[in-house]
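Visitor: Handing you a structure now.
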Ligand SMILES: Cc1cc2nc3c(=O)[nH]c(=O)nc-3n(C[C@H](O)[C@H](O)[C@H](O)COP(=O)(O)O)c2cc1C
Ligand SMILES: Cc1cc2nc3c(=O)[nH]c(=O)nc-3n(C[C@H](O)[C@H](O)[C@H](O)COP(=O)(O)O)c2cc1C
Ligand SMILES: Cc1cc2nc3c(=O)[nH]c(=O)nc-3n(C[C@H](O)[C@H](O)[C@H](O)COP(=O)(O)O)c2cc1C
Ligand SMILES: Cc1cc2nc3c(=O)[nH]c(=O)nc-3n(C[C@H](O)[C@H](O)[C@H](O)CO)c2cc1C
Ligand code: SF4
Ligand code: SF4
Ligand code: SF4
Ligand code: SF4
Ligand code: FES
C-alpha cells in the first residue's frame, strides 16, 4: 500500500526523457527553515536536479511532488555520512592506539574517506535502484 | 575512562544545545519530522568530526607554531565553510543518486554555530586528537538527542490546541527550557 | 479460564430485560414499507410497480449485482407505490410500499412447524437457494450470505463459527432464538457446514446465557463436529474478528477477510433463516426483534415482518414512554439513533432500544487527558485518541498509517473515555475520507 | 410525534467514567500518605499541603479566567492533584513564598502555557518542584526531622534524608555498611519514619494508595511495576558488583521518591506513554535514570529528574511503540494458506 | 618573520584554498533566484491561504514568475488589484477575472424548517453527514454545525445563532473557496459578486419533489419552474426539481424573485422595491 | 549594475586582494593589541597576588616557581618580598572536585603559615551557590557589601534567616595547624556554604593543597634559591 | 524606504531576536546578566556596521561567484578585531562572553544583512541598516539579560534591586534562558498583535 511513511518534496520539472524526468528542487539549510529565509539568503539555498521515474507524462515547467519512502532518507544518510564516520573513527582509534602519532592517524582517518567514496562510486548503480523517486502532480 | 567521561559529559551533562546554547537555530527551526532529525544528526556528526580533525591540525600545525592563534576564528570559519561545500561536491561527484536522495530528505548542513563552536571548544580544551574527535562526535550526538526528543514533543504539540499567544517559538523555547531543567539532573555525573 | 479475545474490550452493564420473554408473533401491520437496500452492496431492483398485487414471500426486488440480495414481499396485498421514503438516517431512499391485505403466502413455502432434518440439496444448490431467498447476515452487517458462503478461489474454510454471542447490552433476540429454535439452529448449522464443506462448527455463546449454553450443549452432544463454546462476557465479543480470535486463537490480519484464517462466521438468526430458506423454502421476510429500554412497559421479543413500522413494535411493547429521548435501531453500542418512528424494520434490525431523555444526552466534551483508557479498550489495538485528532486535523496520511481502516466501529473507545470525547464520531469520518483516498489510489 | 428525538452516533451509552472521578480517586489514594506525613511532621505538613493545593487551584482559576479566557475547570480536580503532589515533593518546613512560586510555575509554566489539562508534555508538579530545587536549593534540601518538632513549621529541627546521608558519606570515603548504621531500620523506612519531603517517605501509605488506584482502574500496573522493577534490578546488579559503594535494592525502593514517583507521578496520564509496551519502556527508563543519578550524579535523589526526562521521551515512545495491533501475529496468517 | 607577514601569508593561503572550494561550490550549486520572485512576493498578500492552488504565497510567486501566461493564475485574496501589480512587475497580461464571493444556498432557518430531531454528535457537518440527513425533514439542507466557518481563514463567516445558518461577511470574503470544499452538502457556491454587490440566487439545494420539499421547509425550491419561465435571459434551469440561476447569464432583472411561490430566490443589496405588492421577504441576513 | 564580471582572474584577484588587505589589517591590529592583551593578562594575575599577600615590592611573577603535589598537579608559587624579605607567598592551587568542574584559586600564605587571604580565579560552580565561595570564606564584613538587604516579611516568605553568613566560615588569618580546614560535616572547623558542601569541600581542598605544598617547601628548602632558578622556564605564559 | 524607518525597524517591527528569531545562540548564551547582553549586542553591532560599510564599499568590485567567501572573510576579520580589542581592554567582558564572540561570524543577522542589504545599497543606508539592526539586537539582548538578572539574582546591571536570596536561580542558568526568552517573545507577539 502506498502512502505510508512517505516524504514529499516540491519541485519543478526541468526536462523529460522517456519515463525519466529531471526535476529541479530547492533544498534549504536547517537555518533556512526558520523565519528568516528572506533575510538570510546566504549560501543556504541550493538547487538540485533529481532524476525520477514517472508513470505519466509531464512537460517542463510542471509543478510536481517527489515521493519517496522516508526510510530511504535515513538510508542515504547512512551511506553518505554515518558509515564513513564510523570508518573514520575506527581508523583514528586503531592507528592512534597503535602508533600514538597524531598527525599520522589524523591523516589516515581523513584519507580513509578517499577509498570509501571511490567504493561508493562503484556501487553507484545499486544506489540508483535503491534511491528512486516517483513523482506525482502537485495540488490539482 | 576519560573517553567515557567525555562522552557522557558532552551528550548529557553539557549537552551543546540544552546547556551550551549552540546550534539553537536548527534546533528550533528544523522540521518537526523525527526521521529528518535523525538524518540531520548523522550529517552533522560527520561534518563535525571532519571539521574537528582539520581545525585541530590547523591549530596545531599552523596557528600555534607561528604564534597567530588570533587567526583562529577567521581560519576556522573559512575551513569549515569550505569543508561543508567540499563534502557536498564530493558526494555529488561520487554518487549522484545518494546526493539526490539526501537533497530530498535532509535539509542542507551549513556552517552553523554548533560546528564552529565545537571546533573552537575542542582546541581550547587541550584535548589530544582522539579526545577531540570523541568530544565532537559526542557533542553532535548530544545535539541529535536534543533534536529528536524535541521533534517528538513538537510533533505531539501539533496535535493539541496551544494557547494562541504561546504558539510557535514561545512554546518551543518553553519546552527546551523544561528539557534543559530535566537534563540538569545529570549534573555531576562525570 | 473461559476463552475470550486477547486485545481490549469493555464491560458495559448488561440490561438484558427481555431475556425471559418468549418470542411473540407481531400482528400484521396495515402497510409495510420495504426499502430496496437492506443489505451491504448494490440496491436491489424493484420488480413490481404501483398497483401490483403481491403475495407473501413473492420476490419484489431482484439482486442488483454480485454483492446484493433479493427482496421478497413480507405481506400480501397491493403495491401502494414504489418511491422514496425516509430511511432510518433521515435520508430518502427508494422503497416498495405495500398495503396489506390478508396474509396469502406463496404456495411452495412450508409454513408448518415440523422440523425437517434431512438435507437434500447439494452444497452449491444450498448457496444458490440462500441467494434466492435473500438471506443476509442478521448479526448487523447484513452482508449477503450467499456471497459470504462462497469463499474466493484458493481459500478454504476450515471452521464455521456460529455467532450466538449477542454481546450488546439489552438485546436478546439471538438468545431467545437459540432457546426456542435450537433444533432448527442445529439443522441450519448442518446446512451451512454442507455448503461450506467443513466438518467443524462451533457455536460461541457468552457465559451470561447459561440456559442457551445448556440447551445447545445437550443437543450438540449427539452431533458430530458441532460444539458449543462458552465465552467470558466481554464486549465486543460478537465482532467477527474478536469471535474468531476467542474461539480459534487466530487473528484475521489487517484488511483481510475471516476466510484468510479459514473461518466463516454466521449469526444464529442467519442460521435459522438459512434453515427456513433451504428446508422450508421460506425467504427472509420476518425476523426476531427485541423491543426494550429502561422505561419500556413490556420489554419483548417479537417476530415481525420486514417493513413493519417501528411505531407498531413499540406500541406492542407498551408504547413510547413519556420522556423518551432517543430511539435506537440495534443495541446501545452499535445501533443507530433513529430520526423518526415511521421508518420500517429491515432485515438487519435486531432490536429497538428506547432510552429515556436523561440517558439520551451526551456529556460535555473535554480535552483528551491522554489517559490511554481508549487504547486499552480498543479491541483492534488502535489508538482512538490519536485517530480522532488525525481525523479532526485532516491528517489522512497519518490516520491511514495508524490503521484507521481497521476500526470495527465497536464504540468501546467512546464508551470508556472519561473526557467524553466523541472518538468514534471522528474516526468514522476519518474512515470515510481515508477509504475514499485509498480507493482513488487504486 | 411531537418530541424531538436525540440523534447521535453510536455508542449511546457511556461507562460513567469521568475526569473528576479519576482525579478524586487519586486524591483519595493520596490521603494515607498525607495522614502519615501529618503524623510525622505535624502542622508543617498541613500548612505546606494546604498552601500548595490552594495556590495551584487559584493559579489555574485565574489563568483560565483572565489569560486564556475560558471557563475555569478547577472542579475537575486536576489542579488539586497537582497541588497535592507538589506539596508531597517539598520539605514540610519550606517557606510559603516558595510554595506559591512552585505552584505558579507548576500550573503556569508546566500546564497552562500548553493549554491546560492533557496538553502538557511534562509533569506539572515536577516542573514546579525541579524549578524550586534548582532555584532554591538551600530551602529545598533542608528536611525536618520526623517527630522532632511537630508543632513548628519554619523553624523545625532539621536532619538529613537517608539518601543524602549515603551520598555525603560516600563522597567522604565511607562505605555502605558503615553508613547503614546511621540509617533507620527498613521497617521504619517502610512506615516512613525518616526525613524527607512531605509525602514521599511513607512507602506503606503510598503502597496502599497505589493499590487503591489499581483497584479503581485509575492506573494500570505497567508503569509502577516497571519503575520499581528496574530500580530493583539495576541496583541489585550494582550492589552485587560492589556492596561497599552501592546500597541494596530494598534500601533504594524504600527511600526517596520511588514509591510516590512510581505510583502517582510517573503514571500521570498526560505525560506518560499510551501503549502498554511504551509504558514498560518508560518505567524502565525512569528506574534506570533514577539509579544513575542517585549512584553517579551529584544529586542524592533523581526520581523527579528521571520522570521529567522520560516525559521528554514520551512522544517518541508513543510514535514508535504502538500498541499491539489486532492481527499482527504472523502465526495466524499462515495457518490457512498451508492447506 | 614579522607577525604581519605571517598573518598575511597564512590568511592568503587559507583564504585562497577556501575560496576556491567555495567558488567551485557556488558554481555548482548556487541557485539563481529570480529577483522578481521577491518583488512579486512582496505584493502578494502573504495570507498563505492556498486559494491560488499553490502551497503558499512564495510558491505562487515562483510560479507566476516562471509561467509564460499568467492569465489563468489568480490570487483570490488580492484579487484583480494585486494581479494587476504582479502583471506590471512581470510585464505580462492578466485575465480580468470578475470578483466572486461565497453564497450560502440554504435558507432553512429554524423557523422555516422545523427541527424534528436534536443532534448531539461531534459538532462537525462532515461527521453528521456520515450519520444522518439532518435535524429536519430536509436532507439537503444545512446542518448548521459550521464546518464552513471553521474552514474560512479570513473570518469571513460566522454562524448566526438565531437562524442556525452560516453567514458570509461580504467585506471579508476573498472567494478562496475553502468553505465550498468544506461543506458536505455542497450548499456554498462561489458566485459573481455582482455590480454594487447585487446578486440573485436560488437559496436552496433541495432536489426533493415539490410537496416533500415544501413539507420539510417552507422556503424550499419546489422546482415549479415559474422562475425559469419568467426569466427573459434564459438564465434559469430546472434540474432534479431544483432551479439554478446561471450567474453568467443573469442580468439581475429580479423578475424571478417576485415569481417564486416559496421565496426561495434571494436578491441581495438591491434597493427596496417601489411596487409594494411585489415586495416579498428579501433576504437581509447577509449584511 | 557595474559589477565586476565573474572571470577566473577577476575572482582570484578579488579574493587575494581581500585576504591581503584583511591579513594586513589583522596583523596590524594584533600588533596594536598584543601589548595590552599581555598587560591585561598579567594584571589579572598581579591583581590576584596583590590581593592575597601583604604589600610587596618585588615581581612575584618573575620569581614564580612550580612545586609538585602528591596528586600529580604542580602548583605555581609566587613569593612576595618586601625589601628582599619574604612577606608571604601566593600559591595558585586547584581542586578537581568542584560541583561543576575544576576550582582554581590563589591563596596567600604568610611566612608563619597562617592564611592571609584568597582569591577565586576560575570555577564552574553554580551561580548563587558554589559561586558564593568568592566571598564566603572571607570575614563576614566583606560578605554582604553589595547585597540589598531584604525586608523581614520577604525574608520570612523565602525562608531566609537573618543570621545567615555567620558561623565559622572565614579562613582568613587562620592557622591550618590549629584549625582543621575541612567542612564541619566532615569533622572540620569550617562551615560549608549552605547547600554547596561540594563546592566548599573543593575549595578547602585547594587551600589545603596549597598549604601542604607551602609547608613542605618551607620545611625542605626553607631558603632554597636553586629551586627557584630551576623552575624559571615555567615562567609567564 | 525612508532612512528613519530603515533605522528603527530593527527595534521592534523586525527585531532580529523577538520577531525574526535570528542569532538565538548568543541571545540565549550570554544573557545571564544585562551587561553581558549589552556587551554582546554592541560587539555584534560593531561587526554589523563595519562589515556593512565594507561590503557596501566593495560590492561593485566583487564578482558574483566569490561574493559569499569574500563576505565571510570580511566579517571574520571584524570579528577577530573585536576579539582582540576586547581581550585587550575589556578582559572581564571578553571572558564572560567567551565562545560567543567568535560565533558572531556565523550569526545570521550579520551575513544576512551583508547579503540582503549592504550588497545592494549605498554605504550610507548600509550603515543605518547595520546600526538599526545591531541596536535592535542589543536592545533585545539587554532586555533579556535584565529580565534574567533581575529574576535570577535580584539585580539589574549589577545593581542590587532586591536581596539576591530571593532570586530564582533557574533564570541565571540555561533553562531560565529558554523560559525567559519564550515568555518575552509571547509578550512581544501579544503587543504586536494588539498594536
Ligand atoms: C467488499 C466486501 C467483500 C466481502 N467478501 C466476503 C467474502 O468473499 N467472503 C466472506 O466470507 N465474507 C465477505 N465479506 C463479509 C465480511 O467478512 C463480514 O462478514 C461482513 O462485513 C460483516 O461482518 P461484521 O458484521 O462483523 O461487520 C465481505 C465484506 C465486504 C465489505
Ligand atoms: C463490534 C461488533 C459487535 C458485534 N456483535 C455481534 C453480536 O453480538 N452478535 C452477532 O451475531 N453479530 C455481531 N456482530 C456482527 C459480526 O461481526 C458478524 O458480522 C456476524 O456475526 C456475521 O454473521 P452474519 O453474516 O450471519 O450476520 C458484531 C459486529 C461488530 C463489529
Ligand atoms: C541547580 C543546583 C546547583 C547546585 N550547584 C551546586 C554547586 O555549585 N556547588 C555545590 O557544592 N552544590 C551544589 N548544589 C547542591 C548539591 O546538589 C548538593 O545538594 C550539595 O552540594 C550537598 O548538600 P549540602 O550542602 O546541603 O550538604 C546544587 C544543587 C542544585 C539543585
Ligand atoms: C494517575 C494520575 C496521576 C497524576 N499525577 C500527576 C502528577 O504527577 N503531577 C501533576 O501535576 N498532576 C498529576 N495528575 C493530575 C493531572 O493529570 C495533571 O495535572 C495533568 O498532567 C495536567 O494535564 C495526575 C492525575 C492522575 C489521574
Ligand atoms: S470503535 Fe474503532 S477505534 Fe474505537 S475501540 Fe472500537 S475498533 Fe477501536
Ligand atoms: S480515553 Fe479519552 S481522554 Fe483517555 S486517552 Fe482516550 S480520548 Fe483521551
Ligand atoms: S467565506 Fe468561503 S470563500 Fe469566502 S473567504 Fe471564507 S472560506 Fe473563502
Ligand atoms: S453550509 Fe455546509 S458546512 Fe456550512 S454549516 Fe451548513 S452544512 Fe455545514
Ligand atoms: S545562532 Fe543560529 S545556530 Fe546558533
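Just so you know, glycine gets a Cβ as well, placed from its N, Cα and C.
Per TrEMBL, the features are:
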{"type": "MOD_RES", "residues": "D:161", "note": "FMN phosphoryl threonine"}
{"type": "TRANSMEM", "residues": "D:21-40", "note": "transmembrane segment"}
{"type": "TRANSMEM", "residues": "D:46-63", "note": "transmembrane segment"}
{"type": "TRANSMEM", "residues": "D:94-114", "note": "transmembrane segment"}
{"type": "TRANSMEM", "residues": "D:126-143", "note": "transmembrane segment"}
{"type": "TRANSMEM", "residues": "D:195-214", "note": "transmembrane segment"}
{"type": "TRANSMEM", "residues": "D:221-238", "note": "transmembrane segment"}
{"type": "TRANSMEM", "residues": "D:250-267", "note": "transmembrane segment"}
{"type": "TRANSMEM", "residues": "D:279-299", "note": "transmembrane segment"}
{"type": "TRANSMEM", "residues": "D:305-321", "note": "transmembrane segment"}
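Help me picture these features in the structure, burial and contacts included.
Guide: Note on residue D:161 (FMN phosphoryl threonine): other Cβ atoms within 10 Å of its Cβ, all shown chains, come to 22.
With a cut-off of 8 Å between Cβ atoms, the residues of this chain six or more beyond the transmembrane segment (D:126-143) that come close are 82, 86, 89-95, 98, 101-107, 109-110, 158-161, 164, 195-197, 265, 304-305, 307-308, 311.
Long-range contacts of the transmembrane segment (D:221-238) within the same chain: residues 210, 214, 246-249, 252-253, 258-259, 261-263, 266-267, 272, 276, 279-288, 290-291, 295, each at least 6 residues beyond the stretch ends and with a Cβ under 8 Å from a Cβ of the stretch.
For the transmembrane segment (D:279-299), same-chain residues at least 6 beyond its ends with a Cβ under 8 Å from one of its own Cβ atoms are 163, 167, 220, 222-231, 233-235, 238, 245-246, 252, 256, 258, 261-262, 266, 272-273, 305-307, 309-310, 313-314, 317, 321.
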Visitor: With pairs closer than 6 in sequence left out, are the transmembrane segment (D:94-114) and the transmembrane segment (D:21-40) joined by 3 or more CB pairs under 8 Å?
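Guide: Per Cβ check, the transmembrane segment (D:21-40) does not touch the transmembrane segment (D:94-114).
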Visitor: In the same chain, which residue numbers or ranges, 6 or more beyond the ends of the transmembrane segment (D:195-214), come under 8 angstroms Cβ to Cβ?
Guide: 25-26, 28-37, 40-41, 44-45, 48-49, 84-85, 87-92, 143-146, 158-162, 189, 220-221, 224, 253-257, 259-260, 262-264, 267
Visitor: With Cβ-Cβ distances below 8 Å as the criterion, list the same-chain residues six or more beyond the ends of the transmembrane segment (D:94-114) that contact it, or say none.
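Guide: Contacts with the transmembrane segment (D:94-114): 47-48, 51-52, 55-56, 58-60, 63-64, 67-68, 79, 82-83, 86-87, 120-129, 131-132, 135-136, 139-140, 154.
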